[in-house]
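Peer 1: So Swiss-Prot lists the following for this protein:
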- Gly108, Phe127, Ser128, Lys129, Met130, Thr131, Phe132: S-adenosyl-L-methionine binding site (BINDING)
Amino acid sequence: MNITVISVGKLKEKYLKQAIDEYSKRLSRYCKLEIIELPDEKTPDNASEKEELQIKEKEGKLILSKIKDNMHVIAMDLKGNEITSEKFSKYIENCGVMGNSNITFVIGGSLGLSQEVIKRADYKLCFSKMTFPHQLFRVMLLEQVYRAFRIMKNEPYHK
């Protein structure tokens, strides 16, 4: 299985890079992982709604340029489905069974995802109604993907 994470924003913090490296190493037993890091657009402090929309659309075009036709796209979105780790594991497993072996997770920038990216998504997923820094969220996502594979294989980790 191929897992791709497309994320807007550069990872700067060393501790987050170390966590990403650790989960990337752990996931290498289960899948081929690719992380695509895209630059985020600078948002002015007092940006208007129109300016924010333009920024999301610009980031969205960049995201869409990285998505291939054969990718099963999961958009990380506050309006998405909230599911348990077990159901997440089953979802990933079912993707493989249905022939969707190229799963792509999309993490937007600080303003979220454009409507075009949301429309392209095959599934919308929400980890929480709380807001997280998108750099930290990348670590959280990889941990949940790792947990999902461990659950799938009935290996100890998840409690």
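Yeah, the Cβs are placed from backbone N, Cα and C, and that goes for glycine too.
A description of the local structural setting of each listed feature is requested, covering burial, neighbours and distances.
Peer 2: The Cβ of Thr131 (S-adenosyl-L-methionine binding site) lies under 8 Å from the Cβ of Leu78, each on the same chain and at least six residues away in sequence. Secondary structure at Thr131 (S-adenosyl-L-methionine binding site), taken from DSSP and collapsed to helix, strand or coil, is coil.
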Peer 1: For Gly108 (S-adenosyl-L-methionine binding site), name the DSSP secondary structure in the helix/strand/coil scheme.
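Peer 2: Looking at the DSSP assignment, Gly108 (S-adenosyl-L-methionine binding site) belongs to neither helix nor strand, so coil.
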Peer 1: Residues other than Gly108, Phe127, Ser128, Lys129, Met130, Thr131, Phe132 within 8 Å, Cβ to Cβ centroid, of the S-adenosyl-L-methionine site?
Peer 2: Leu78, Cys126, Phe137
Peer 1: State, in Å as a whole number, the widest CA to CA span among the S-adenosyl-L-methionine-binding residues Gly108, Phe127, Ser128, Lys129, Met130, Thr131, Phe132 given in the record.
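Peer 2: Of all Cα pairs among the recorded S-adenosyl-L-methionine binders, the widest measures 15 Å.
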